[in-house]
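S.K.: Could you have a look at this structure, given as structure tokens, before my questions?
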Amino acid sequence: MIMQRTIREPVSVEGLSLHTGNPVRIVIKPADADSGYVFKRVDLPDEPTVQVSVDNVKQTERATTIGEGNVKVHTVEHVLAALRGCGVDNALIELNANEPPIGDGSGMFLVNEILKVGTVEQDKPVSFFELREPVWVEGEDGAYIAAWPDQNFSISCTHVSHTGLFTQYFSWKYDIKSFVTDIAPARTFVFYEELVPLIEKGLIKGGSLDNAIVIRGGTIYSQQPLRFENEFVRHKIFDMIGDFALFPKRLKARIVAARPSHFLNVKFIREIQKAYKNYLSHLMPLKIYP
């Protein structure tokens, strides 16, 4: 039986947020078993919390935003991916702004801190959902995410740009070690043509070549060499792991995706949640005999 885990002791990181451009401090703290992931806005009166759940998703343009009432937290996917990928099931995530720091655009600035302190086993088992039948969702321009029943969790992903350049593929099976070495280091990226519309919408105020890769035509602009030949698709998988953490159970499924996005990831998880509720509704009630 696999038991739940939480972070051994608090860790904190300071930096700039990607979309708002604000300086922010994130503190990740241990949390009780079965509490899942909870964000706390310590910059607001009464320090309100937001439970990580697909039911609390408010926006999916270029990032995933969650909220409860008037309280929102933007760009949660990298934090959630770092926690889920490192095997952390429960955590309290404190922020003194409305968005976590972006670091270098990858998950390593958080993963390294988690690995430094390690995790501790808790007194309740991990709750898995093993998919019973295929799930398929579609987006625009041929984008899709499909899932089939499997004993493990794996993602095979194809990234295709709107220009047809930099088409990349990567297949990955969940394992903490391979997450740290093969997925978490991959950085976020953006196409040059997308920059002006994003700026006009008030996004990427904290974006720079220090925390993102910019692609213009066939040229890649980056402060350092690519970390992987197929770094873009690996970051897509990183984002998927984070968005999939909006579902409270650990998923057992073989996932195949093409051109995934935050919108499509959330659409997929909503279907997974429906499948889980359907599974529960078909369970036979326990009959108690005298």
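Note that the numbers count up from 1, one per residue, in the order the chain is shown.
A Cβ is built for glycine as well, from the same backbone N, Cα and C atoms used for every other residue.
The Zn(2+) binding site annotation in TrEMBL covers HIS78, HIS235, ASP239. If you look up TrEMBL, you'll see HIS262 marked as active site, proton donor.
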S.K.: Calculate the distance in Å between the alpha carbons (Cα) of ASP239 (Zn(2+) binding site) and HIS262 (active site, proton donor), and round it to a whole number.
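M.R.: Taking the Cα atoms only, ASP239 (Zn(2+) binding site) lies 8 Å from HIS262 (active site, proton donor).
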S.K.: Write out, in the order they occur in the sequence, the residues of the chain not among HIS78, HIS235, ASP239 that have a C-beta within 8 Å of the mean position of the C-beta atoms of the recorded Zn(2+) site.
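M.R.: Everything else in range on the chain: GLU77, ALA81, SER106, GLY107, ALA186, THR188, LYS236, PHE238, GLY242.
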S.K.: From the Cα of HIS262 (active site, proton donor) across to the Cα of HIS78 (Zn(2+) binding site), what is the distance in angstrom?
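M.R.: Rounded to a whole number, the Cα-Cα distance is 12 Å.
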S.K.: May I ask for the distance between HIS262 (active site, proton donor) and HIS235 (Zn(2+) binding site), taken between their Cα atoms and rounded to an integer number of Å?
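M.R.: Distance between the two Cα atoms comes out at 12 Å.
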S.K.: Near HIS235 (Zn(2+) binding site), which residues of its own chain have a C-beta under 8 A away, given they sit six or more steps off in sequence?
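M.R.: Long-range Cβ contacts: SER106, ALA186, ARG187, THR188, PHE189.
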S.K.: Would you mind ranking the recorded positions HIS78, HIS262 by how many other Cβ atoms sit within 10 Å of each Cβ and giving me the lowest?
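M.R.: Per-residue Cβ counts within 10 Å for the recorded positions HIS78, HIS262 bottom out at HIS262.
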S.K.: Run through the Cβ atoms and count how many others sit within 10 Å of the one on ASP239 (Zn(2+) binding site).
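M.R.: Within a 10 Å radius of the Cβ of ASP239 (Zn(2+) binding site) lie 23 other Cβ atoms.
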